[in-house]
Amino acid sequence: MTQAPALLEISNLSVEIRGKHILRDVSLSIGAGEIVALTGESGSGKSMTAFATMGLLPQIASARGGIALSGEPLLGQSEKRLCEIRGEQIGMIFQEPMTALNPVQTIGRQVTETIRIHTAMPQNKAEQRAAEVLTRVGLPPDAVPLGRYPHELSGGQRQRVVIAMAIALRPALLIADEPTTALDVTTQAQILDLLQKLVREDGMALMMITHDLAVVSDMADRIAVMNNGEIVEQGPTRTLFSEMRHPYTRALFEASTHKADLAEVDTDETLLSVHGVSRDYPVRRTGLFTPKRMFRAVKSVSFDINRGERVGLVGESGCGKSTLTRAILGLEPVQEGTITLDGQPVFSQGHPDLSVRRKIQVVFQDPYGSFNPRHRVERLITEPFYLLDSPPNGAERERAVAEALEAVGLNATDADKYIHAFSGGQRQRIAIARALIIKPEIIVFDEAVSALDVRVRAQILDLMAQLSRDYGLTYLFISHDLSVVRSITDRVLVMQAGEIVEQGETEQIFENPAHPYTQSLIAAAPQMPNYDPTSKGDRDASSNPN
Amino acid sequence: MNRTLILGGMLTGLFVLGAVLSFFWTPGDVQAMNIAGRLKPPSADHFLGTDHFGRDILSMIMVGARTSIAVALVAVGIGMGLGVPLGLAAAAWRGGWLDEIISRMNDLIFAFPSLVIAILITAVFGAGAINAIIAIGIFNIPVFARLTRGAALSYWSREFILAARVAGKGRARISVEHILPNVTNLLIVQGTIQFSLGILAEAGLSYVGLGAQPPIPSWGRMLADAQTMVALAPHVAIIPGLAIVLMVLGLNLLGDGLRDHLDPRLRVIRT
Amino acid sequence: MLRYALKRLTSLAVSLLIASVVIFVVVEIAPGDPASFMLGINAQPDTIAALRAELGLDVPKFQRYLDWVGGMLVGDFGTSYTYRTEVSGMIADRLWISLPLAIYALMISTLIAFPAGIIAASRRGRPADIGVMGATQLGVAIPNFWFAMLLVLLFAIKLRWFSAGGFPGWESPAEAIKALTLPAIALALPQAAILARVMRSSLIDILGEDFIRTARAKGLSRRQALWRHGLRNALIPVLTIIGLQFSFLIAGAIIIEQVFFLPGLGRLIFQAITQRDLIVVESVVMLLVFAVIIVNFMVDLAYAAVDPRLRART
């Protein structure tokens, strides 16, 4: 299915950096008004394709092949001409709205700059135009004046400013590089709606880069799946999802919809009890003589976790879930209420109780920051032995290390390696081994799979399910990602602004959310399409088998 | 190994070697005066010429290196010995009273013109090598404290530290076990830089007569003595200065080379 | 912004207070009594006592501290032990050499460092950068007083463009500035080397920031992105160093004055030290600290002008 003269035509694009192939024979075309998604795991080359199109490849990169916009070649084009094209004919949106704006310039000035650099419009006219564009992206000047600085806006608002800068001159092509990855799910939904609206209104072409198949499944006209610098499969969204010719596409899809196989548990013995817990933080003083004020990050939270239960805690950033986690781990005192584990308080008389602490362990989000780079795996995973009165020695210790490593699917011989020898997924396995080694009663998984690619994520979720089966492990799974929580928990707690607004059986909550906040969260979460990947379906006759 | 590191190491090594050698042998006697052979330009007899008392300049440089190195080394030791624990503690109990006091003191000491205070100290307690060491060492304390605190704080927010806390380890233990090994590279590089600044500071103090006192030879005083003879015998002023430049350059190259070798992203304090 | 300024002003006052206490205490615990020193070892106890009374040394220490600080607030720095004249008068003449010298040097240093740092950063890894970095590596290693001697040797003794030292006074500003030029260059070059390095690394950091990429995506050229978005952000760490450098320049001025025989504060303080004229030492040091703290206060205000996040945070 070839659309007559496409707006953007990428043909056989290859990029090398220091002899390493980053892109290989990438061919892709995007027509006016079309939304094409470029998806794949990290390092697949999707962002590099975008930067090649913008002519913003790193200077050490060398590119071959062709990129043409409305017939005009971009690759090998003079820098002067590329500057004219960027911002006027191609706009770009980035992943990190917090750092994408110049912190020392007002948003009005930054939007105006796009206009002034490409047109001869006088300052006041350009400002007026900037105000119109900002209104269009949902930041009317009477609510958000042009004189605001980026630090005065929320992440979602900043992303809107970036969008305004990109679309100010109604470019023919808009490139969005993971535009919602750094945003909360409700903000993500709003930004995606905005992008679709702008594309439809202006007849813009949109190149949407994302790792999240669910995000693009109901928005893209066509999808290209990338792996290792190559496009392994591309086609209209519906066809692609129903056919999935390439095994990689199928693997991605399956991993994205992966549901771990949780064994049935049936207990009513309370293990962790959180009762009326509140947690206050001092707010930065506004003046030298103003009294200290406190911010209540967690407000009278109560819940129980039974032995063997797998409980999820969901909420958007800043809802207080990290603060609550630290209180449960006994790292910080609470101002009100009690947290008990197996009947004993986790924090008593101003000191964390080690005998209680050894019953709870944690796995963190960042596989790269979770380990001291200067220690060997053996030393890393035995750190919790510090909690024991008589930690195992010699052969007994070696046996414990080997056992923990094998339990998470690694080899006992890995104990002598340093952490940099392991991939992100392996590191999370080591983190789980570290948590398991003292056989805790409960493990807290704090966004433990959020930094992983989908296929690795699915493996780690399987591992968790298996540990729960083999050891009767109890866990609290904290995440912002609703679909993952749904796949790995029996019960779920929904947290908003420091409060648990709803809790209940996972399926019950997802099928029938009672609280409006839960409803909005679930409505905003992108859904994977319900195409049956195994059915062969009616093959699109026009698609080329090669 | 990179070229900067090798060049810096060789330059520094040359001076250290000369200083060590001077304990056993020098080309000439640094005490013996020879008025007849004074202010002689470099020759076969006196490789770097003679000074206004007819002493062999090469020998003076070798013995002077001892003073420079000793003063700078001990001053860095003072700065590290006190600054690093303070910085670690300030980061471990961030926002606590200790952190507050240390930050205040840091700000204050940075606000004082260091040389002026060094002059004040040596003026009040008398000129000499020991007081020069103390005066220079005091200003190394906040440098190391601030550097250590900043680097340590960036580690305190990392998850492996949180994991250690979950393992029940106290802040002091974590500082020693986890933070210190991770900031060592930074401390080595900063130590090299402070060493070179110490050499410069010692030369400055000796030049104004507040450093090591005669008969201990020092590069700064050699320059002070040479000042009135610049027109007569330029080499007397140029050579000790070159010694300072080469030694400091060597140390700075060594520091840069070490940084590139250990971790190019290390952030050192340069003032 | 006003609140920010007030807050910085408060901390300025606190710094000055602590500095004055520290200086007073250090000078107080100095071994040796000025009065006995001035009268020599053969002096009679009653003559010493009389002199102590005359110098105001018999008053309790705390009272003396208050008198000293109170006096300074109204411009009265006390009376020199040695010369029996007003310290304020002695300082005033000399201040008009040391302070202009430091400011002159700061200007030269900034004027050299900014372009050098910007050129090096924007041509990173290319010959211009390597040249600038090599020069700064050398500049950092040169002791300023030795550099001063070399300047004298070349420009005063060999070429005879400048005089080797001395100061003609401000009656003829052109002559005065000429007399301060070699000392200022000697002071400024090593500092310029440091400042250029800071400017370069700060700019390189900023050029790697996401918002520079955003600016490029808007259609700004590399150069435009550097000037419009890079420079102002890069200035924040550079300002810190400028503030610190002033303190080095003030101190450096004291030494450089020795090389050029300039009758500035440096000469005064060294004379006072040899004569144990502690009131002069005390007051000159306090004055220098005061100048440095004021400059740092101005740097703080400049921060707020550059960075809107600071203005908001108060």
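Every residue gets a Cβ built from N, Cα and C, even glycine.
The transmembrane segment annotation in TrEMBL covers C:12-30, C:95-120, C:132-157, C:177-196, C:234-256, C:284-306. The domain 'ABC transmembrane type-1' annotation in TrEMBL covers C:95-299.
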Chain residues outside the transmembrane segment (C:177-196) and at least six past its termini with a C-beta under 8 angstroms from it: 97, 100-102, 104-110, 112-114, 116-117, 120, 132, 135-140, 142-145, 147-148, 151-152, 155-156, 162-163, 166-168, 238, 241-242, 245, 248-249, 252-253, 256-257, 259-260, 262
Tertiary contacts of the transmembrane segment (C:284-306), as residues 6+ beyond its ends and Cβ separation under 8 Å: 1, 4-5, 8-9, 12, 15-16, 19-20, 23, 72, 91, 95, 99, 102, 232, 235-236, 239-240, 242-243, 246-247, 250-251, 265, 268-269, 272
Top partner of the transmembrane segment (C:234-256) among C:12-30, C:95-120, C:132-157 - counted as Cβ pairs under 8 Å: C:95-120
Cβ-Cβ under 8 Å with the transmembrane segment (C:132-157): same-chain residues at least 6 beyond its ends: 116-117, 119-120, 163-165, 182-183, 185-187, 189-190, 192-194, 196-197, 200, 252, 255-256, 258-260
Contacting positions for the transmembrane segment (C:95-120) when only residues 6+ beyond its ends and CB under 8 Å are counted: 128-129, 132-133, 135-136, 167, 170, 176-177, 180-181, 183-185, 187-189, 191-200, 202-203, 226, 231, 238, 242, 245-246, 249-250, 252-254, 256-257, 262-266, 287, 291
